[in-house]
Each structure stands twice: as C-alpha cells, then as structure tokens.
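K.L.:
Structure below; questions to follow.
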Amino acid sequence: MTEVKKGRVVDDAPVNDAPENDAAEVTSPARHDAIPEEARQRAAQLRADLERHNRLYYELDTPEISDAEYDVLYRELVGLERRWPALRDEASPTQRVGGEVLEGLEKQAHTLRMYSLDNAFSRDEWGAFMQRMYNALPDAPSAFWCDPKMDGLALEVIYENGVFTSALTRGNGEVGEVVTAAMRTVRNLPLALRGDDVPRRIEVRGEVVIAKADFEQLNARQSAAGGKLFANPRNAAAGSVRQLDTTVTAGRPLQFLAYGVGQVVLEGGTAPWTTHSGLMARLREWGFDTPPEGRLCASPDEVWAYYEALGARRESLAIEIDGVVAKLDDTEAQEALGFTARAPRWALALKFPAMQARTRLDDIRVQVGRTGVLTPVAILEPVRVGGVEVSRATLHNEDEIRAKGLMLGDMVLVQRAGDVIPEVVRPLVEERTGDERPFVFPENCPECDSPVVRPQGEVAHRCVNVMCPAVRRQSIIHFVSKAGLDVRGVGERWVQQLVDGGHVTSPVGLFSLTKLDLMRFERMGPTSAANFVTALDAARTGATLVRLICALGIRHVGEQTARTLAANFTDLDALREADAETLQQLPDIGPEVAGSIRTFFANEGNLELLERLRAIGLWPKRQDAPPAPEGADAIVRPLQGLKVLFTGSLTRVGRTEAEDMARAAGANIASSVTKSLDLLVVGGKPGSKLEKARKLGIRVMEEADFFAMLESAEMPAEGSDAAEVPAPSVEDVDAKEVPSRDVAHVRIVHDGTASDPGGDSRSVAEDAPARSTEGDAVSTAEGEDVPRGRAEQLKLF
C-alpha cells in the first residue's frame, strides 16, 4: 500500500513536526545560530545511518533495527534540522523517499513519482495535523476516507485499453523494477478490466500481500520441503514478486489490493469521480479487490474511533496491518491544500502501538562485530509476536541491560512494531521468583579471550585485538557485502565457512581462490565455484572508489562520507596523504571522522592490506573528474557547492552515472526545481522542469555542453554561449511524456482538455502548480505563486 512502511522515514515524518514548506510557521530564537560542529557531524551521521537502514529495509528486506529505534533516529535528525535550518539538505531522509532499485530486474521510470505519507502515533498528533489543515484551508470538508495500512509490497499495475500490460515495484519512488510476468500469476489481479467505461490508459497502485492463514500454510510447505522459512508475510510477498522464475511466484498465495491510481488517460468527457471514496468504488467495479474494512468517516472524531476499533481487532484480521490511512475525501480540497516536498498535507498514516507478548529471558550472549564492538543479544523462549516467532533480540550494550534492570530468567515483555527485529521492553518484576540471576558483562572477548575496553565517552565495549577471529571474520564478510564492495553471488555463509576453516585470512585471500579450491567444499559444484570466482573477479575489476572505501570499514565512514571522499581524492594514496585539517574542510566531516580516517591510515596492518589490494589490481581511481591536488586544494571542483538537476533523456550516459559525475565535480544533486537550484542540465524532451527553471531564472545547460565543461574542468561564465533548449509545446508531447506535477500523483488526460477529478495520497508528482483553473494564482510545493492557466493534465488523489 502506501510507502509508509513500518515507520520508515522515507515515509514517516512525525506529524507534530511542521512540513518542509511550512517551516516559516515554526519560530525559534535560535534558528539562525551558528551551527556547532558537533551538531553538523551528528546530522551527517544520522543521515548516513538512516539511509543505510532504509536500504536494508526497502531494498534488501533485512532490517537491523526496530521501528521504534528508527523513529528515535529520525526524530533526532528532524529536531536538528529544525533547530539549524542550514543543516537541511534535499538529500536528507527527512526530505525524500529513500532507497535505490535492486539489480537483477529490468528498471523502468514511473510516469508519476510514488511518494509517501507523514504519520502520527497519538490523538494529540492527529489533532495537530487537523489544526494545520484547517489553518491552511478553513473551509475544508471534514469527511475522510479511511482504510487499513497494509504491510506488503507497494507497486503499480498498468492497463492499456482495459488490458493489463505491465507492473512496476515502487523502487525508489521514481524508478521501479519491472515485475510484469510475476504479477500475471497473481490470481486476483484482473488481466482485463470490466465495464465499457475503462480509461485508454490507467496506472493502478496498490499492495501485494499474503494473508496470515496463507502465510502459515506457505511456511509449512517450505518446512516440509526443507526450504528456508519466511520471517513474516511482508518478506514472503516481496520475495515472491521479485522472483525471476515466475513458476515460483505462481505457487505463492499472493493478493493485490488496490488503493489508488497514478496517471489516467481518458478518451473524452468528464472525470469519473470527484472523491476518493468514488475512486475506490470505481476500482471495485473494474474488478479490483480493495483493502478490507475501508470506509468513509464523516468527521475527525469518527476517524479516531475507526482507528481505535480497528486496532482492537487487528489480530483477528485476515492480513497484517500496522495502522490506518486517513485521506481527506474531497479532491478539490486536496488540491487546494497541496503537498510538502515529501507528502500530502491532507492525508496521514495513524500508526498502531507496537504489538507485545510475554516470554522468558533464558540467556544473554555476547557477539563480536567487525569493529570489535561487543553486542549483547537476548536469548528468549520462543514466542509469537505479530505473527512472527521471536527467539532473539538485541540489547545493544551493557548500559541498556542495566537501565532496563534485566536479569537472567526474567519474564519479559517483548514487542515488534511490524518489524523483523524485536525489542525487549522491560522485565516483569512482579513475576520474579527469586531464582533470577544478574548478568555480568564479560571482561574478556568471548572469541579470543583478550581483555575488552570501554573507551571514555562510549557505551560500547570493544575487543582491541586486531587478530581476533570474530573481528577478522566480520571484516571480511563486510568487505564483500552489499554495504561494502557489493560482490553479487558471494554469500555470507560461504565467506564465514572459508574464514572459519582458515582458508581465507584477509579480504585479499578471497580473490586468490580458484575454482578447484572451492570445489573441495561440500555443495560447491563446478558451476557454483565458477560463478563464485567470476563474481569476485568482476567486483575486483569493476569496483569504484566509493565502494572500496565503504568496504574498508573505516570507523564513522558510511556510504555518504565515502562518496564525499571519493569525490575529492583521486585514489586511496591521495586520501592517505590528506591531513586532518584538509579532511575537515570537506562537507559533513568533523574532527571525529577525520581522526578516524587518519587512524586507519596510520595502522601498519591496514597499509599492508592496501598494498595487497593494489597488487591484485583492486585500486580504483576517482571517476570522470580531473586529478585532485594535494592538501586543501583537493576540494576545489568545477561544480563545487552548486546544486545541479538533470531532466529529459540523456544520450551519453544514464541518469545515475551523470549524477555521479556531477558529484565528483563537487555538485550537490537536487531532486526538484526550486529557487535554490544553480544549474539545470537538459537532455531530450525535458518537459516542465525546463519551463519552470526559465521562470525562476535558473541557468540551463544542454547535455553536450555539460559534459564538455566537465572534460575541460571549466565552468562556463554566466551569459556564455551554452545553448538553451527550446520549450516544447503541449502538442509536441503526448500524455506519457509530459513530466509529472508537484501537487498531483494522478494525471487525467483527454483530448487536450482537463477535468477536475480525484485519486490517492500515496503518490505525488512533480513540477507543476497545484490547480489549473483560469484566473488566479496558486502556491506550489515550493511555496511560489504560479498563475493558473489552461491545464493540459489534471491531478487526482
């Protein structure tokens, strides 16, 4: 359903935080204070952490933290950006939907971007949302369409002349994975729409789910066949749709539940609905199943009553849900309210409290990570929480164990907020028998028996033995993991087996393995061994500097910091020579991060590893940018500090590669056309972004001139001969090619005229005014007044 998945940001700006474009309503005497360095560093670290957890959750289906922990990190970042607005960045998880599309399936752009909803966790937050809505639109109607917030895989199915033609996963909101063949096997998905009034083209958005009873049967079949059990229905649904072998998908009990539409192209006439409830009725007439329990609520109080009633019955429902989605039913009011940069101002996800269960804390085991951090893990008597069997939960550190007062043998309360990773909430002290025992944190590493230390100011205990087998094992696993070099086809279990067996003692050792070496292992046949070696060789020759820096596992250096370093230094030699002062001149790098980088390169063992990597040819250079001078000059780039945006079809390279080249030249990549944009680079059929940039007086550069500028490392002066692109007329662009609009996620097109219909809140489009009636002006999502005029396309929700 909506992209508000289990409290993940991309989707979940807390409702009591003002939306981006309402920032002026929030006043604080300290808004313009100088930003302390520690605040800048903390914001950068939070962004990196949130982006990583977004990727683990949305793309890899392997979350490492609970929703509650994620929400704490997210709200902390929101608070920092509110306290110091200059910290706010368009690439921040608080400003955009996160996540990148996985490799392995064909990728395709959504006609209209799929956005998300803000959320609320209490009645006060629901009331604050309503107050903001009525402040913005005093005469807003009070009826809301409400339905359950399902926990599945969001995607879009497309119909041409009533016939199913394609399907895309949500992906990163702009580009999804093509899963047409898999979706054809979903039994309740109509392959042809019913009725005579079907649109010429329609994009229907919804959620793929597996019912609880079907999930239990699926896992029973998996167990009987000796297969891997699924953690929860969401993971099973997501994995089933992404199968390349559609016979596997066909054997899975998937359902598609429609909740809204994207682009709608009509032959003529007027829009077929003017409310969201009307849209839902029309979807059912066309043959779609819609979320169960959906209903129209006449007032905000009725919405809350619906939320409480549904929450009380959630365990008895056929599918897993974790909240309620409430949307203003009237589409004209929706358009008047508009959007922030991330979400509609007229819709909200009301989240249920975490589900809880009682169980016994049997033991606490301590694990050692790749940086030597000792992490205590609760070993629980297995218990079902939210449809999933829970037997382990991280306790993070010794301080948390003490703060919660946990003892071995305690009965404890465990919760799982729709996530895979559970949390021990508290001990049930009233049930203690006297047989419980205190837990003593080990003074020696459980893997190598070396003394552990707790550095001053830190909560973590660390094993400082660089030869610790656990540290070595986890470091090598990290090196080839998706968070490191991202070696496809080399699984963690194989790496662990190779390390534990003494066959590999460093990351370099993996690259020296031969097919014959690997075939000595049980279940490693000729084909698997060949694929293993091929994958490693492809990673070695195709590695980027960003991925290698990530793979090294330098403390405090996540992917965002790695991108910054890779954009400003030619290779690891140049980075090694940079002193702390030079490093701190780079964005988001403060004394702590700079010190960590210098410490890494001062270690003899690390330097030996780097030389061995160089010897096997794993030594990438910075891509598509001139060599970096030494010292402080290393941060000077032709696009240094400029905000750049690409639009239209690029012919020389793909969009992602072009953005990487711009970053390497010092640019920050923007997500939309705003007054703060410095440069718009246009390819073929640029559409409305070009028109908007011209209105705002933003510099425009053709694709060829942009790449010529990068190659010469010289930024053309203002008013130079860089040609601008003529603006296309409406007649030159068909309904599929006209870019999406800021205030809408549904576009209805018929015979060059527009009508005034409705749609769904879970997706928003880019780059156009909110409404299109003659005569007056309207505010865009960026807060600018744009004259109203004849609409070539109409927006629905």
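Placed from the backbone N, Cα and C atoms, the Cβ positions cover glycine too.
Okay, these came from Swiss-Prot:
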type     : residues                                                                                  : note
REGION   : 1-32                                                                                      : region 'Disordered'
COMPBIAS : 1-11                                                                                      : compositional bias 'Basic and acidic residues'
BINDING  : Asp67, Ala68, Glu69, Tyr70, Asp71, Ser116, Leu117, Asp147, Arg170, Glu207, Lys327, Lys351 : NAD(+) binding site
ACT_SITE : Lys149                                                                                    : active site, N6-AMP-lysine intermediate
BINDING  : Cys445, Cys448, Cys463, Cys468                                                            : Zn(2+) binding site
DOMAIN   : 634-723                                                                                   : domain 'BRCT'
REGION   : 715-797                                                                                   : region 'Disordered'
COMPBIAS : 733-750                                                                                   : compositional bias 'Basic and acidic residues'
COMPBIAS : 785-797                                                                                   : compositional bias 'Basic and acidic residues'
K.L.:
Quick check: of the binding-site residues listed here (Cys445, Cys463, Cys468), which one has the Cα closest to that of Asp71 (NAD(+) binding site)?
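P.N.:
Given the candidates Cys445, Cys463, Cys468, the nearest one is Cys463.
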K.L.:
By CA-CA distance, flag whichever of Leu117, Lys149, Arg170 among the recorded positions is nearest to Cys468 (Zn(2+) binding site).
P.N.:
Arg170
K.L.:
Taking just the CA atoms, what is the gap between Cys463 (Zn(2+) binding site) and Glu69 (NAD(+) binding site) in Å?
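P.N.:
About 25 Å separates the two Cα atoms.
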K.L.:
Cα distance, Lys149 (active site, N6-AMP-lysine intermediate) to Glu69 (NAD(+) binding site), nearest Å?
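P.N.:
So the Cα of Lys149 (active site, N6-AMP-lysine intermediate) lies 20 Å away from that of Glu69 (NAD(+) binding site).
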K.L.:
Among the binding-site residues listed here (Leu117, Arg170, Cys445, Cys448), which has the Cα closest to the Cα of the residue listed as 'active site, N6-AMP-lysine intermediate'?
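P.N.:
Result: the closest of the binding-site residues to the residue listed as 'active site, N6-AMP-lysine intermediate' is Leu117.
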K.L.:
Find the shortest Cα-Cα separation between Cys448 (Zn(2+) binding site) and the binding-site residues Leu117, Arg170, Lys327, and name the residue that gives it.
P.N.:
Arg170
K.L.:
Tell me whether Asp71 (NAD(+) binding site) sits in a helix, a strand or coil according to DSSP.
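P.N.:
For Asp71 (NAD(+) binding site) - judged by DSSP and reduced to three states - the answer is helix.
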K.L.:
Cβ within 8 Å of the Zn(2+) site centroid (Cys445, Cys448, Cys463, Cys468 excluded): which residues?
P.N.:
Val368, Gly372, Pro446, Glu447, Asp449, Ser450, Val452, Val464, Asn465, Pro469, Ala470, Val471
K.L.:
Just to verify: the residue among Leu117, Cys445, Cys448, Cys463, Cys468 with the fewest other Cβ atoms within 10 Å, which of the binding-site residues is it?
P.N.:
Cys448
K.L.:
Reported as an integer number of Å, what is the Cα distance between Cys445 (Zn(2+) binding site) and Arg170 (NAD(+) binding site)?
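P.N.:
Pair distance, Cα basis, whole Å: 44 Å.
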K.L.:
Ten-angstrom check, please: count other Cβ atoms within 10 Å of the Cβ of Arg170 (NAD(+) binding site), all chains counted.
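P.N.:
That number is 27.
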K.L.:
Can you see whether DSSP assigns Arg170 (NAD(+) binding site) to helix, strand or coil?
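P.N.:
The residue in question, Arg170 (NAD(+) binding site), is coil (DSSP, three-state).
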